[in-house]
Amino acid sequence: MDAATLTYDTLRFAEFEDFPETSEPVWILGRKYSIFTEKDEILSDVASRLWFTYRKNFPAIGGTGPTSDTGWGCMLRCGQMIFAQALVCRHLGRDWRWTQRKRQPDSYFSVLNAFIDRKDSYYSIHQIAQMGVGEGKSIGQWYGPNTVAQVLKKLAVFDTWSSLAVHIAMDNTVVMEEIRRLCRTSVPCAGATAFPADSDRHCNGFPAGAEVTNRPSPWRPLVLLIPLRLGLTDINEAYVETLKHCFMMPQSLGVIGGKPNSAHYFIGYVGEELIYLDPHTTQPAVEPTDGCFIPDESFHCQHPPCRMSIAELDPSIAVGFFCKTEDDFNDWCQQVKKLSLLGGALPMFELVELQPSHLACPDVLNLSLDSSDVERLERFFDSEDEDFEILSL
């Protein structure tokens with residue numbers, strides 16, 4: 001199995017193509033580039049995103065479960081990538097760049113440690129898979145974009161260093177009042193006893209010397225995830241321009257989705273092609289050294305990223321945004337409102353101030369969903385299910 005996987009992955013690396021020579025701008029997570037004058041900057045931006053792929057020979061999930069996620073963990077890895085981008089923006093900033101063999105700040109290794117393949121890392125494959133069991137997903141079962149978003153939201157409660165407000169907008173509706181209420185609420189640590197002792201905290205998200213308190217903050221940084229279905233079996237062309245504009249926003253975290261049972265993390269576009277990081281490469285698991293230093297080169301894509309036609313995108317996706325401040329959120333709202341002015345384009349979701357009366361009013365401070373709720377949402381959004389709503393065809 002390993003030999004076949006390695007052979008397949010070697011072929012995949014040989015197939016990567018350079019960017020096309022085009023006057024079309026390249027958009028990467030809110031940044032605009034020119035192929036002709038900024039190619040090195042494009043590749044540096046791509047290489048600075050955390051790239052999570054299949055891994056093998058990690059500690060068994062649940063003690064007796066799988067030691068590799070090859071063949072089933074691609075959407076989980078994409079969920080890790082979009083969430084890692086939120087943590088990078090939170091702790092390092094969007095303009096931070098990774099350089100091979102250059103010393104990085106401690107906060108970088110703290111972010112990376114939160115995703116290492118072991119049971120005590122906040123967003124590890126172990127935590128995601130085991131949290132998914134509580135939501136009706138057996139270990140080794142494929143996730144849709146909504147399911148992984150729901151699981152990551154629950155895991156974020158334990159990450160008091162990042163102190164994120166995670167909101168998943170359901171029913172294709174983003175309610176501004178709900179988000180403001182959530183982000184202005186201080187949430188105490190819910191998982192202080194769920195992770196190792198203080199001496200191990202640096203390996204799980206807390207940098208050495210970090211101060212973690214429950215002091216109220218005027219605005220907790222927002223991770224906004226919006227699961228969507230943009231067509232029946234293919235993406236509706238009327239959504240394409242709106243989708244492109246999502247990658248232009250400075251708050252963009254990208255998109256998770258891809259093709260049925262083959263997930264990708266989309267970070268931008270050029271012309272009519274999406275740019276993405278592909279998790280379908282199996283690499284050996286990485287263990288931090290005694291000083292919590294991580295050999296990190298395998299977590300960065302150092303070749304031109306993959307591209308695919310937007311028309312090939314499976315219509316089941318989740319779009320992500322990060323708003324570090326309330327001003328960022330207000331700016332994002334204004335940009336979304338302007339999208340309605342795009343000629344011939346359909347909005348992918350609705351932005352409203354208050355909860356519409358025809359929708360049940362959720363408890364926005366409830367940080368978990370029961371399994372029946374998750375099962376209902378999963379049936380609605382996951383691409384493998386045929387019972388879904390069609391948006392504005």
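Cβ coordinates come from backbone N, Cα and C, glycine included.
Computed from a predicted structure; not experimentally measured.
From CYS189, CYS246, CYS306, CYS323, the position flagged in Swiss-Prot as S-nitrosocysteine is CYS189. Record check of SER107, SER298, SER383 in Swiss-Prot: the feature phosphoserine is attached to SER383. Motif 'LIR' is the annotation Swiss-Prot gives to one range among 72-75, 348-351, 388-391, and that range is 388-391. When CYS301, CYS333 are looked up in Swiss-Prot, the one carrying the note S-nitrosocysteine is CYS301; the rest have no such note there, which does not rule it out for them.
Calculated from their C-alpha atoms, the gap between ASP278 (active site) and CYS74 (active site, nucleophile) amounts to 8 Å. Ranked by Cα separation from HIS280 (active site), the recorded positions SER34, CYS74, CYS301, SER316 are led by CYS74.
Non-local neighbourhood of CYS74 (active site, nucleophile): TYR54, TRP142, GLY258, SER262, ALA263, HIS264, PRO279, HIS280, each in the same chain, at least six residues away, with C-beta under 8 Å from its C-beta. Around SER316 (phosphoserine), taking its Cβ as the centre, 26 other Cβ atoms fall within 10 Å, counting all chains. The modified residues in question are SER34, CYS301, and the one with the fewest Cβ neighbours inside 10 Å is SER34. Classification of CYS74 (active site, nucleophile) by DSSP places it within a helix.
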